[in-house]
Amino acid sequence: MRTLWIVAVWLTGVEGDLSQFGDMINKKTGTFGLFSYIYYGCYCGWGGKGKPQDATDRCCFVHDCCYGSVNGCDPKLSTYSYSFQNGDIVCGDDDPCLRAVCECDRVAAICSGENMNTYDKKYMLYSLFDCKEESEKC
């Protein structure tokens, strides 16, 4: 019950595209994205360091790198326009920064869906303290 309460409190603080990103992951993986990926491996969730643990974690590593290349807005707080058309995620913003954030999320959601077979529950709630190897460069 305590875990459910913590997740509920955390979700009330989710704004902008992080909730949108969660929605994209939900559609592409069939999972509750924010819960399934929030502390997965070394890169899914807040921060990231070390070596990605599997292909799923690598999707998050690439997503972090993509966010790092966005200029002109805060990727974690920006709200963008997108839709689902015939199972595809379509980014719809004219603003270059918002479109870039949406594209980062779109690519990561597709990657997560394509790598569901590598998702390993042993990496759920993974501690960054276990991510000791040298971090890769983007």
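Every residue, even glycine, has its Cβ placed from backbone N, Cα and C.
The secondary structure of H63 (active site), as reduced to three states from DSSP, is helical. Positions annotated as active site by Swiss-Prot: H63 (among others).
Positions annotated as active site by Swiss-Prot: D105 (among others). In the three-state DSSP scheme, D105 (active site) falls into the helix class.
According to Swiss-Prot, the Ca(2+) binding site annotation covers Y43, G45, G47, D64, on the basis of similarity to another entry. Reduced to three states, the DSSP call for G45 (Ca(2+) binding site) is coil. Cβ neighbours of G45 (Ca(2+) binding site) (same chain, under 8 Å, six or more residues apart in sequence): Y37, I38, Y39, C60.
Feature annotation from Swiss-Prot assigns disulfide bond to C42-C131 (among others); the stated evidence is similarity to another entry. In the three-state DSSP scheme, C131 (disulfide bond) is classed as coil. Long-range Cβ proximity for C131 (disulfide bond), meaning a same-chain Cβ under 8 A and a gap of 6 or more residues, is found for G41, C42, G48, K49, G50, K51.
For C44-C60 (among others), the entry in Swiss-Prot reads disulfide bond.
Sequence annotations record features per position, and here Swiss-Prot assigns disulfide bond to C59-C111 (among others). Annotation for C59 (disulfide bond): spatial neighbours C44, A108, C111, S112, N115, criterion Cβ-Cβ under 8 Å with sequence separation of six or more.
Applying an 8 A CB threshold to same-chain residues 6+ apart, the list for C138 (disulfide bond) reads D64, C65, G68, S69. Under the heading disulfide bond, Swiss-Prot lists C65-C138 (among others).
All protein chains included, C104 (disulfide bond) registers 23 other Cβ atoms within 10 Å of its own Cβ. The disulfide bond annotation in Swiss-Prot covers C66-C104 (among others).
Same-chain residues at least 6 positions away in sequence with a Cβ under 8 Å from that of C73 (disulfide bond) are, in sequence order, D95, C97, L98, V101. Summarising the annotation, Swiss-Prot assigns disulfide bond to C73-C97 (among others).
What Swiss-Prot records for C91-C102 (among others) is disulfide bond. A sphere of 10 angstroms centred on the C-beta of C102 (disulfide bond) encloses 26 other C-beta atoms.
The signal peptide feature in Swiss-Prot is assigned to 1-16.
D105 (active site) sits 7 Å from H63 (active site), taking the Cα positions as reference. Under the three-state DSSP scheme, C73 (disulfide bond) falls in the coil class.
According to its DSSP assignment, C91 (disulfide bond) is in a strand. Report note: the Ca(2+) site is defined by Y43, G45, G47, D64, and the residues of the same chain whose CB lies within 8 Å of the CB centroid of those residues, excluding them, are C42, C44, W46, G48, K49, C60, F61.
In this structure, of the disulfide-bonded residues C60, C65, the smallest number of CB atoms within 10 A of the CB marks C65.
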